[in-house]
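Visitor: Below is the structure I would like to discuss, written out as structure tokens.
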Amino acid sequence: MPLLFSGINRKKAMLLVLGIFVLGNIISIFTSNFAVAIIARVIPAIFHPIYFSAAFTMAANSVSKEDAPKAVSKVFIGVSAGMVLGVPIASFLASTVSFQLSMAFFAVINAIVFIATWAFFPSMPVKERLSYGAQLSVLKNPVTWLSIMAVLLLNSAVFGVYSYLAEYLKTVTNISGKLISFILILFGAANIIGNIIAGKLLTKNAIKTVVVFPFALGVVYIILFFIGQFTLPMAIMTLVWGIFAGIGTNINQYWISSAAPKAPDFANGLFLSSVNLGTTIGTAAGGLFISGLGTEYVVLVGILSLVLSVVFILPRSYMNRPIKQLSK
């Protein structure tokens with residue numbers, strides 16, 4: 001979808017997507033038909049990548065190339081903050097009042113963002129329109145595929161484990177539901193810190209940050225494996241892990257966008273597709289490890305994914321380094 005909308009004024013594209021979000025929320029409030037309710041969620045999900053692709057591109061274009069990672073990190077800060085605040089609020093409204101009220105909450109939020117975008121964002125026409133063929137040609141570059149595979153595996157490393165964090169805390173750490181919720185929120189809040197750190201690290205030395213990241217996160221996972229049964233150490237390491245997860249998200253976006261700088265919208269679409277596929281594969285692998293070995297061994301999915309990611313990160317970093325200004 002980002003490829004199809006790559007030539008459209010980004011403000012108009014964002015308003016269209018926000019309008020679809022609001023409409024989907026409204027339909028979800030009033031429909032009692034399951035099929036209609038599913039469609040009302042699926043269609044916004046299809047258009048969802050357009051909004052994020054436009055946001056990433058706008059953020060990067062709003063500053064110098066040297067500061068692009070820092071600008072993009074601010075978008076991720078908003079995403080993390082929205083998840084930390086929005087998900088618990090929506091869950092609370094759905095469980096204590098009704099699902100319809102939680103959808104109404106999202107409808108109001110999306111409507112506010114729509115109005116703010118319309119009122120305060122300037123028109124953002126695409127200055128250099130590339131044909132679909134020109135954008136797709138980036139797939140002929142081996143560096144693009146090395147980047148895609150690295151990002152897929154890095155996201156698998158994070159979410160292949162995180163998807164089962166609640167179950168891990170329940171069965172391995174043996175803690176209560178309320179404390180589990182607190183630690184999950186702690187992880188999300190740590191993401192915000194990670195986003196801030198990532199912007200600075202990628203601006204200062206992008207290549208070094210990317211190369212070191214899988215090794216550093218691997219150390220975190222090894223520690224988690226050995227202290228998972230202890231509540232306080234586990235809570236502390238979850239905070240550290242959450243910071244690394246935030247850094248990793250920024251690395252993923254940077255790694256693909258810097259591989260295809262001439263087609264930023266398509267590159268951001270590839271980023272979103274890669275992380276979603278990585279999440280799917282990681283979650284599936286985590287389920288297999290849990291069913292075959294036990295919940296405590298789900299951490300091995302993260303370690304294995306990190307090891308494999310290095311196979312693609314190292315040649316990518318030497319074959320075709322990103323734009324010089326971004327890799328100082």
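Cβ coordinates come from backbone N, Cα and C, glycine included.
Curation does not apply to TrEMBL; its annotations are automatic.
From a predicted model like this one, the values you see are computed outputs, not experimental measurements.
Below, the features straight out of TrEMBL:
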{"type": "DOMAIN", "residues": "1-318", "note": "domain 'Major facilitator superfamily (MFS) profile'"}
{"type": "TRANSMEM", "residues": "12-40", "note": "transmembrane segment"}
{"type": "TRANSMEM", "residues": "46-63", "note": "transmembrane segment"}
{"type": "TRANSMEM", "residues": "75-95", "note": "transmembrane segment"}
{"type": "TRANSMEM", "residues": "101-121", "note": "transmembrane segment"}
{"type": "TRANSMEM", "residues": "142-165", "note": "transmembrane segment"}
{"type": "TRANSMEM", "residues": "177-198", "note": "transmembrane segment"}
{"type": "TRANSMEM", "residues": "210-228", "note": "transmembrane segment"}
{"type": "TRANSMEM", "residues": "234-256", "note": "transmembrane segment"}
{"type": "TRANSMEM", "residues": "268-291", "note": "transmembrane segment"}
{"type": "TRANSMEM", "residues": "297-318", "note": "transmembrane segment"}
Visitor: Counting only residues 6 or more past its boundaries, what in the same chain has a CB within less than 8 Å of a CB in the transmembrane segment (210-228)?
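Guide: Long-range Cβ neighbours of the transmembrane segment (210-228): 154, 157-158, 161, 168, 172-173, 234, 237, 240-241, 244, 247-248, 251, 254-255, 296, 299-300, 302-303, 306-307, 309-310, 313-314, 317.
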Visitor: Any residues 6+ beyond the ends of the transmembrane segment (12-40) with a Cβ under 8 Å from its own?
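Guide: Sequence-remote neighbours of the transmembrane segment (12-40) are 5, 47-48, 50-51, 54-55, 99-100, 103-104, 106-107, 110-111, 113-114, 117-118, 121.
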Visitor: The transmembrane segment (46-63) vs the transmembrane segment (101-121): three or more C-beta pairs under 8 Å (separation of 6 or more)?
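Guide: Contact criterion not met.
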Visitor: Do we see three or more Cβ pairs under 8 Å linking the transmembrane segment (142-165) and the transmembrane segment (75-95), pairs being at least 6 apart in sequence?
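Guide: No, the transmembrane segment (142-165) does not contact the transmembrane segment (75-95).
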Visitor: So what's the mean pLDDT when you look at the domain 'Major facilitator superfamily (MFS) profile' (1-318)?
Guide: 85
Visitor: So, taking each listed stretch (75-95, 177-198, 234-256, 268-291) in turn and counting its Cβ pairs to the transmembrane segment (101-121) that are under 8 angstroms, which one gives the highest count?
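Guide: Answer is 75-95, with the largest number of Cβ pairs below 8 Å.
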Visitor: State the non-local partners of the transmembrane segment (234-256) in its own chain: residues 6+ outside its ends, Cβ under 8 Å from one of its Cβ atoms.
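Guide: Residues packing against the transmembrane segment (234-256) from afar: 56, 69, 72-73, 76, 80, 144, 147-148, 150-151, 154-155, 157-158, 162, 165, 169, 173, 183, 186-199, 201-202, 206, 209-210, 213, 216-217, 220-221, 223-224, 227-228, 267-268, 270-271, 274-275, 316, 322, 326.
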Visitor: In the same chain, which residue numbers or ranges, 6 or more beyond the ends of the transmembrane segment (297-318), come under 8 angstroms Cβ to Cβ?
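Guide: Distal contacts: 143, 146-147, 149-150, 153-154, 156-158, 160-161, 164, 168, 207, 210-211, 214-215, 217-218, 221-222, 224-225, 228, 255, 259, 282, 285-286, 289-290.
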